[in-house]
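Engineer: Per TrEMBL, the features are:
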type	residues	note
REGION	1-27	region 'Disordered'
BINDING	53, 94, 96, 97	Mg(2+) 1 binding site
BINDING	220	Mg(2+) 2 binding site
């Protein structure tokens with residue numbers, strides 16, 4: 001991801017339009033990152049289902065072997081390893097989150113993400129920031145290298161939202177929480193989840209809530225969902241429903257993410273948001 005960005009030869013092309021009419025971009029950074037992540041996992045765990053944002057071309061196979069050694073700094077954090085049957089596992093890969101921002105050279109928003117779901121529930125999430133080399137990971141009931149901040153503002157929260165849909169969220173957020181609410185438009189779902197946590201990265205903005213009102217893909221949100229869940233936080237649809245990481249690639253019901261707050265009370269406070277998202 002870094003090498004392609006620094007070479008300035010992105011081989012940028014459009015995969016078509018998103019539902020909101022924006023260009024859905026792809027670069028060789030996405031393709032090469034995807035190939036590495038996909039084949040590393042496929043070789044190590046051949047029976048596990050892997051869902052990935054980019055198409056994997058069989059002619060483009062890469063043999064990457066993992067020596068099955070877990071790095072010491074991770075090993076010491078893992079409280080209780082678990083064994084699960086391969087057929088219950090779905091891995092979601094986002095090889096380059098915030099492609100639009102990547103093409104604009106807004107590097108701080110770019111992350112690469114992997115999530116492991118077991119029977120549709122997010123269990124293990126990794127969010128990596130390739131340009132600052134910061135990695136956050138957490139496993140539900142199994143340890144983490146990242147934590148929540150000590151306090152959050154529930155009354156007039158700082159809300160992180162999509163750069164491309166900030167107006168829509170802004171009007172509802174101000175209605176709900178009042179004019180003191182700060183809206184932070186940002187790129188990339190991975191970056192937005194990290195905004196809720198205690199992240200030692202100078203380029204990372206801080207927020208109290210993450211709200212998204214339009215359709216979103218599961219490989220964008222699974223890793224963040226797993227990390228929040230492992231740390232006692234929540235990521236649900238706007239109506240408060242848990243998100244299942246099997247079946248379809250995306251969710252329609254918008255998104256609300258919080259940590260150390262009364263999540264269901266927040267859901268009740270936002271009754272109009274979902275309707276606004278479907279205008």
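If you go along the chain as it appears here, the first residue is 1 and each next one adds 1.
The backbone N, Cα and C atoms fix where each Cβ goes, glycine too.
I'd like to know what surrounds each of these features in this structure.
Structural biologist: Residues within less than 8 Å, Cβ to Cβ, of residue 53 (Mg(2+) 1 binding site) and separated from it by at least 6 positions along the same chain comprise 30, 34, 93, 94, 95, 217, 219.
Its Cβ taken as reference, residue 220 (Mg(2+) 2 binding site) is surrounded by 26 other Cβ atoms within 10 Å in the chains shown.
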Engineer: Taking the Cβ of residue 96 (Mg(2+) 1 binding site) as the centre, count every other Cβ atom within 10 Å, in any protein chain shown.
Structural biologist: 27
Engineer: Can you name the residues of this chain that are 6 or more positions from residue 97 (Mg(2+) 1 binding site) yet have a C-beta less than 8 Å from its C-beta?
Structural biologist: 110, 111, 112, 113, 188, 189, 190, 191, 220
Engineer: Provide the number of Cβ atoms within 10 Å of the Cβ of residue 94 (Mg(2+) 1 binding site), excluding the reference atom itself.
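Structural biologist: Result for residue 94 (Mg(2+) 1 binding site): 31 neighbouring Cβ atoms inside 10 Å.
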